[in-house]
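**Q** The structure under discussion is supplied below as structure tokens; questions concerning it will follow.
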Amino acid sequence: MRKKKQILYNNVKIIKELEEKNSKLIQDYEKLNHQNKEEEYKKQNYESTTLSLSINFNLFRSSYKLINTFNGHNDIVYSIDYSTFDDCQFICSGSYDKTIRVWDINKNKQIQLFNKHLIDVYCVKFSSYHYYNNHCNVICSSSSDRTIRFWDFKHNKQLQVFNEHTNWVYGIEFSSFNGGRYLCSGSGDKTIRLWDIQTYKSLYIFNGHTKSIRCVDISSLQSNNNKNKMNDIGVIGGNGYTICSGSSDHTIRIWDIETTKQLIVFKGHKYDVNSVKYGSNELRHTNNVHVVEYLPFTIKIDDEVIGGNSNVICSGSSDNTIRFWDIRSNKKELYMIKGDENDNGITCLTFVSLKKKVKNNEQRSKDNYGIYLYYGSKKGPIRVWG
């Protein structure tokens, strides 16, 4: 009997060890699968935004013109975003008319409309996390109705609503790390929140601004002080990632994601800070500046490379112009695009690298991609320059 009990005990022990090994293998597989999805996302993102990395800016100035207009919104377009799902290219837009619209770039038409926000829609972003983890085509939107909402535009339904902010929600931004798992939001309630998209929960609240938060951005790189610390999938981006926020209190603030502590306060603006990116420069417009973006490609002027992700900025303003700036030369304006006379101001913009149609016997290369500028205006139309 004792021998049978010993054999049974040994069998139970072996089974437990096998279960533990199997559990660890599953965890390792899921971690590797997540890393592979993240690498695939980075690869596709690279192909869609950086294959056309070098253009002659003199040619850009002389040849770029208005080539298309997307009509549908009947009021201010606050936000535009771009993404590729299942080899199809889309832009989405959010407007003061309370709607979110999805446009198929290849078919040149609107394919979806969401109108469940109660007040104006301030910001829209495509979610890479939903696509690569759940194979869903999802948009996230923020609104004056104090909510953040998730929409499946492939199946035309609302997925989730975040309603923990106590005032309007202006800027939202997905993390570039962990496959876009985390979402940052800035609100009129003077707080910044960090959300986990996997669990749909609010993780952290950042307090410090004395007035409404107009815009947020999440760093794509870790700070040098923390780069040697552990960076695990289970940790929020690892250590060293930061959030940047702009506010009606006229300040820009930098926050450490892991500690939720405020690191830096930039003071100098005299009015609301409407748009922030990692990097800054004084831009000269004659009215409000609503949006700034780094150019996603290298440019050449007189055969000299002066561009790249860190040297050239594009800005849109209520003065109805889009201006390009070389930040190395401090205030040097490279070029200006005048909006349509009916636009009444530029409110948002984004650059898109689109595939050109190639014949079957032609080889695909960098030259098969073109850079296009999409911008929204106060009157509703979305216009395309290329």
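Note: Cβ is positioned from N, Cα and C throughout, glycine not excepted.
In case it's useful when we look at the structure, here is the feature table from TrEMBL:
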COILED    15-49  coiled coil
REPEAT    70-113  repeat 'WD'
REPEAT    137-161  repeat 'WD'
REPEAT    162-205  repeat 'WD'
REPEAT    239-265  repeat 'WD'
REPEAT    309-335  repeat 'WD'
**Q** What is the number of residues in the repeat 'WD' (137-161) that are helix, strand and coil, as DSSP sees it?
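**A** Summed over the repeat 'WD' (137-161), the classes give 0 helix, 16 strand, 9 coil.
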**Q** What counts of helix, strand and coil residues does DSSP assign across the repeat 'WD' (70-113)?
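**A** Split by secondary structure, the repeat 'WD' (70-113) comes out as 0 helix, 28 strand, 16 coil.
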**Q** Calculate the per-residue pLDDT averaged over the repeat 'WD' (70-113) and state the result as an integer.
**A** 94
**Q** What are the DSSP helix/strand/coil residue counts across the repeat 'WD' (162-205)?
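**A** DSSP classes over the repeat 'WD' (162-205) add up to 3 helix, 24 strand, 17 coil.
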**Q** Can you tell me how the residues of the repeat 'WD' (239-265) break down into helix, strand and coil by DSSP?
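**A** Counting residues per DSSP class in the repeat 'WD' (239-265), I get 0 helix, 16 strand, 11 coil.
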